[in-house]
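Colleague: Quick one: the structure is below, and I'll ask about it shortly.
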Amino acid sequence: MNIVILAAGTGKRMRSALPKVLHPLAGRPLLSHVIDTARALAPSRLVVVIGHGAEQVRAAVAAPDVQFAVQEQQLGTGHAVRQALPLLDPSQPTLVLYGDVPLTRTATLKRLADAATDARYGVLTVTLDDPTGYGRIVRDQAGCVTRIVEQKDASPDELRIDEINTGIVVAPTAQLSMWLGALGNDNAQGEYYLTDVVEQAIEAGFEIVTTQPDDEWETLGVNSKAQLAELERIHQRNLADALLAAGVTLADPARIDVRGTLACGRDVSIDVNCVFEGDVTLADGVTIGANCVIRHAAIAAGARVDAFSHLDGATVGANAVVGPYARLRPGAVLAADAHVGNFVEVKNATLGQGSKANHLTYLGDADIGARVNVGAGTITCNYDGANKFRTVIEDDVFVGSDTQFVAPVRVGRGVTVAAGTTVWKDVAADMLVLNDKTQTAKSGYVRPVKKKS
């Protein structure tokens, strides 16, 4: 089967410089969702028709299995499909999809394709309580489809029809080529409608078959930011329902956003207002607190991420604890039982098994061993204004509060670093390191008094 995806429209009602089909749904372009659905049907040819913002669209979805046809002028859906004909296999039927209709199920399209075998012309229709704005499916007294009429060209009787055309069709390609060549544009829009092909198919003796999706939202398109927001909520609720069915506990299914792939083990619990982006894995027994953002991360069994934490490109070991208000940046690796607490930032650094940095700390470009205690206010000074250097802290080190490690520097196993120390030289194992300070206490000191105005 050939699949053609129409993605050439301007999307004026989006009021955006970004081509409509590139607006994100769940963090990915609308068009990418449609391409994924098309791929699931294993087409022999996959062609995307581009026009407005053609090069931008091409760059966003380019792949070895995707071919592109260009519609220089947006002269209607029939004209758009015609641009793809040279790239299609005429011996295979063609399924036409739309780059701004992202939620159609693969099973729905397969059902339509199966119904349109043996040189039938298949149309996906849906019955709406309010069909305003859509083309109507006109049938005769026997229930056979006779034509599809667009809203602007419909008579008062036809406007009362509640079965509408979704625009998604399956047609025999060789005949479709002839029918498209014979299309006229004698209509209110002056465009070449793909829907007008139906009458030609009937005249040629082809049976018009219709199927409907299981859910009305499968055929909803995006023409405005409001419609985009509506589809985002539908899609996110579908994803939440799938997580619930898989045994994930969601504090509120309406307050989770998945903008990528979220794989969960058993007994995973997710609190409200969490966002998951890219590829995220939550192993058995993971708990995610409220208002967390987790991107491209792997979190091992039994780990806990407390509220308001932000993880990006991080790996969290079994039974580790993160947060609240922690930030793990790309390259952060926490071993089993490690703790990273409030207002701690870890970047391109490893924290060994059982090590803890519980308060107000920056650990960047560092290798920290097991059972290390990092006191509040500790900073690895990794940048000299031109280059970054690593800090190495071996196992069983105790780091007092308000400590700075000026990289490159290595601190040996079992070292104790006194509070307020700046470490700029390597320290051998089991040493106490501190900066000499004197403390002076003076009697008779009087605090200043605020002057009266």
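Backbone N, Cα and C define each Cβ position, glycine as well.
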Colleague: Can you find which of SER355, SER401 Swiss-Prot lists as binding acetyl-CoA at the same site as ALA376, ASN382, TYR383, ALA419?
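Modeller: Looking through SER355, SER401, the residue Swiss-Prot assigns to the acetyl-CoA site is SER401.
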Colleague: Restricting to the same chain and to residues at least six past its boundaries, which positions have a Cβ under 8 Å from a Cβ of the region 'Linker' (226-246)?
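Modeller: That would be 14, 23, 25-26, 30, 102-103, 217, 220, 253-254, 256-258, 262, 264, 270.
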Colleague: What are the DSSP helix, strand and coil residue counts for the region 'Linker' (226-246)?
Modeller: 20 helix, 0 strand, 1 coil
Colleague: Could you give the Cα-Cα distance between SER401 (acetyl-CoA binding site) and GLY99 (UDP-N-acetyl-alpha-D-glucosamine binding site), in whole Å?
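Modeller: About 56 Å separates the two Cα atoms.
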Colleague: GLU150 (UDP-N-acetyl-alpha-D-glucosamine binding site) to ALA419 (acetyl-CoA binding site): how many Å between their Cα atoms?
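Modeller: Computed Cα spacing between GLU150 (UDP-N-acetyl-alpha-D-glucosamine binding site) and ALA419 (acetyl-CoA binding site) is 77 Å.
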Colleague: 10 Å Cβ neighbour count around ALA376 (acetyl-CoA binding site)?
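Modeller: Its Cβ has 19 other Cβ atoms within 10 Å.
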